[in-house]
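Enquirer: Shown below is the structure under consideration.
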Amino acid sequence: MAQKFVPEAAELCENSLKKFISLIGTVDKLLVISGAGISTESGIPDYRSKDVGLYARIAHKPIYFQDYMRSNRCRQRYWSRNFLAWPRFGQAAPNINHYALSKWEASDRFQWLITQNVDGLHLKAGSKMVTELHGSALQVKCTTCDYIESRQTYQDRLDYANPGFKEEHVAPGELAPDGDIILPLGTEKGFQIPECPSCGGLMKTDVTFFGENVNMDKVNFCYEKVNECDGILSLGTSLAVLSGFRFIHHANMKKKPIFIVNIGPTRADHMATMKLDYKISDVLKEM
């Protein structure tokens, strides 16, 4: 099942791999940026990969922050889908890539990890030197008072508020990298959304929605890490979204080496010191 979402990679060339590893070996302080491609081997699809990415398989339309905040029907649509997807998304396990990066923390040459993912798999693998740039789908936050609870706790509250819903809709659709699934229109009708137990406000998964600004404290912290590093390794991201690409661009402006492992083109290919179109695990297990 996990391999279903791993795109077809270029044939592994030992000489290219050795050169790549040798070049990275010259970097004293390495900053790593990870994207959805690092989690495809855990059975979570990415967005843009050819043939197997979410956008290649279905007409996925993400919910925008402004729509979520102003429309109860939009919130019903979001939470009914998220409710049915959670058992599968919440049980996703780290793969060899997450564990490899967790072990890198023991090295003085590893500086920090910035992940664009919201699946929490880096933390599940034991990583501590990590910034979840877009937040975490493993917790839910009040949009008014900042009350936070675990996603599983909120799942229990959703289940209590919607008896029989998951039994009636037993076949979840395609899973998205943010824990969303696709359901027929109208499925959400009547779905009840528990409010904040502290202030009665709207609850929302603690992730950055489309149309919502990334937390600037996180952004500034990540810029500091880029300034401090001697080079960047980008893993499993096309860098199509500005929130991650800006750090690569900043490093490039400072003439820092950039290394990329991604199956398919990225927005920063022309900036790369070297790029490999290989499966991430095939590279990391040799490093």
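Every residue, even glycine, has its Cβ placed from backbone N, Cα and C.
As the structure is a computational prediction, the values presented were derived from the model and not from experiment.
Dumping what Swiss-Prot says about this protein:
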- His134: active site, proton acceptor (ACT_SITE)
- 35-55, 116-119, 236-238, 262-264, Ile280: NAD(+) binding site (BINDING)
- Cys142, Cys145, Cys196, Cys199: Zn(2+) binding site (BINDING)
- 10-287: domain 'Deacetylase sirtuin-type' (DOMAIN)
Enquirer: Ten-angstrom check, please: count other Cβ atoms within 10 Å of the Cβ of Cys196 (Zn(2+) binding site), all chains counted.
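Expert: That number is 20.
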Enquirer: Closest of the binding-site residues to Asn262 (NAD(+) binding site), Cα to Cα, picking from Cys142, Cys145, Cys196, Cys199?
Expert: Cys142
Enquirer: Compute the C-alpha separation of Asp119 (NAD(+) binding site) from Cys145 (Zn(2+) binding site), stating it in Å without decimals.
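Expert: Counting only the Cα atoms, the answer is 24 Å.
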Enquirer: List nothing but the one residue from Gly35, Gly43 whose Cβ has the fewest other Cβ atoms within 10 Å; the candidates are the binding-site residues.
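Expert: Among the binding-site residues Gly35, Gly43, the lowest count of other Cβ atoms within 10 Å belongs to Gly43.
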Enquirer: Where the distance is taken from Cα to Cα, which of the binding-site residues Gly35, Cys142, Cys196, Cys199 turns out closest to the residue listed as 'active site, proton acceptor'?
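Expert: It is Gly35, whose Cα lies nearest.
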Enquirer: Within 10 Å of the Cβ of Asp119 (NAD(+) binding site), how many other Cβ atoms are there?
Expert: 26
Enquirer: Starting from each candidate's C-beta and looking 10 angstroms out, tell me which of the binding-site residues Cys142, Cys145, Cys199 has the most other C-beta atoms.
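Expert: Its Cβ has the most other Cβ atoms within 10 Å: Cys142.
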Enquirer: Would you list, in sequence order, the residues of this chain other than Cys142, Cys145, Cys196, Cys199 that have their CB within 8 A of the centroid of the site's CB atoms, where the site is the one recorded for Zn(2+)?
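Expert: Neighbours found: Thr143, Thr144, Asp146, Tyr147, Glu195, Pro197, Ser198, Gly200, Gly201, Met203.
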Enquirer: Cα-Cα, whole number of Å: Gly35 (NAD(+) binding site) versus Cys142 (Zn(2+) binding site)?
Expert: 26
Enquirer: Check Asn262 (NAD(+) binding site) against DSSP and tell me helix, strand or coil, would you?
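Expert: Asn262 (NAD(+) binding site) sits in coil per DSSP, no helix or strand.
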